[in-house]
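These notes concern the structure reproduced below.
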C-alpha cells in the first residue's frame, strides 16, 4: 500500500479520535499502530520501539522539562506573584493600548492548556471604555497570547521540537526569535494601532505599593528570563535549566515572605495525563522509525517534484489545523524533518512556523475556544484578522527564508 495513503488513513483515525475527545497522545499512538498494522505487522517492532522509548535519554529530558515548567507555574500562581504582576502592569503602563497587547503576551510566557482564559478578563477590563467588538477583543487576546510560540524555551511545543529534530535550543530560538517580534509588530499594526483609546488615568500609588509592584514583576518575569539565558547562552538542556530555576525560586519566594506549599508544588505538577501523552507520542515516533516508515517517507519526498520545504510546510500547516496543538504537528512532522536532514535549522523552522500558523486558525485550538466562549464572539468574524495576520507573517517568513537558506 502506498505510504502516503497509509499516512492519510492514520491521520484520519487521529482526527476522528480527537473529535471524540480522546487525549492527543493515545490518539496519535493509535495512528501509529494503524501504520504498523498496514506496513510491517511484526510484533517485535512494537517491542523494540517500546524498549527504545523507555531507554532514550531524550524521553526523560522531555518529561522532566515539562514537569518543571508545571512546577514553576504552580510556584508563581500559588505564591501570588502572578496576580501581583498583573496588578502591577495595569498600574505601571500609561497606555491602555500597551496593556491590551502586553498582558496576554506576558501571560503567554507561562504555558497552560486553555491559558488564554487568564488574560481574557484583563483584555476586557482594559477595553471597558471603548467600543471594541467582541470579536476584536477575542482576536487581541488570542493573537498576543501566542507570540512567544517561536522563542520561549518553556513552551511544550518548542521543547519537543528541539528534542525530536535534534537541534540545540539556543540555536533554534536564535533562528526563530525574530518571529516573536514580527508577530507583536503585525498584531499591533492590525489590531491595536487603529484603536482610539485614552491614556490610563494616573493612579496614586504610595512608595510601599510601588516597591511591591516591582517585586511582583521581578518574581514573575525573572524565572522566564533566567531560564532563557541558561538555555540560550549556557546551552543547558531544557530539563536542567527548568530544574535549576524551579528549585532556586523556593528560597527566593520564602525570603520575600510568600506563602508556598512545597509539597503542593511538586505533587501538583505530577500530571499523569501529560506523562501519558508524551510517552505515547515518543512511542509513536519510535514505531515509525523501527518500521522504516520514516525512511520510506524521506525517500519518496526526495523523489517528489515539489521542493521538500514546500511539502514540510504544507503538512505542518494541515496537521496544525487538524490538531490545534503544537505537540500535534511537532510529533508528526519533526521526526520527518530529523530523518530528512538532522539538525537542519531552516527545515525545522519551516515546520514550526507553518505548524503554529495552522494551529492559530482552527477551532480545535483550546485557547481559541475558551477565548470565544469568554467574549461570546463569533468564530468566523474572529478568524478573519487571524487569517490576515498569519498570511502576513508567513509571507515575510517565507521571503526571508528563501533568501537566507
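Backbone N, Cα and C atoms are what each Cβ position is placed from, and that goes for glycine too.
Predicted automatically and left uncurated, TrEMBL annotations should be read as such.
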Write down the single range among 206-225, 306-325, 326-345, 346-365 that appears in TrEMBL as transmembrane segment. 306-325
Result, the transmembrane segment (274-294) in contact with the transmembrane segment (386-403) (3+ CB pairs under 8 Å): no
Same-chain Cβ contacts of the transmembrane segment (172-192) under 8 Å, 6 or more residues past its ends? 97, 100-101, 105, 136, 139-140, 143-144, 146-151, 153, 158, 161-162, 165, 228, 231-232, 345-346, 348-349, 352-353, 385, 388-389, 392-393, 396-397
In the same chain, who gets a Cβ under 8 Å from the transmembrane segment (306-325) while lying at least 6 residues past its ends? 11, 14-15, 18, 24, 157, 332-333, 336-337, 340, 346-347, 350-366, 368, 401, 405
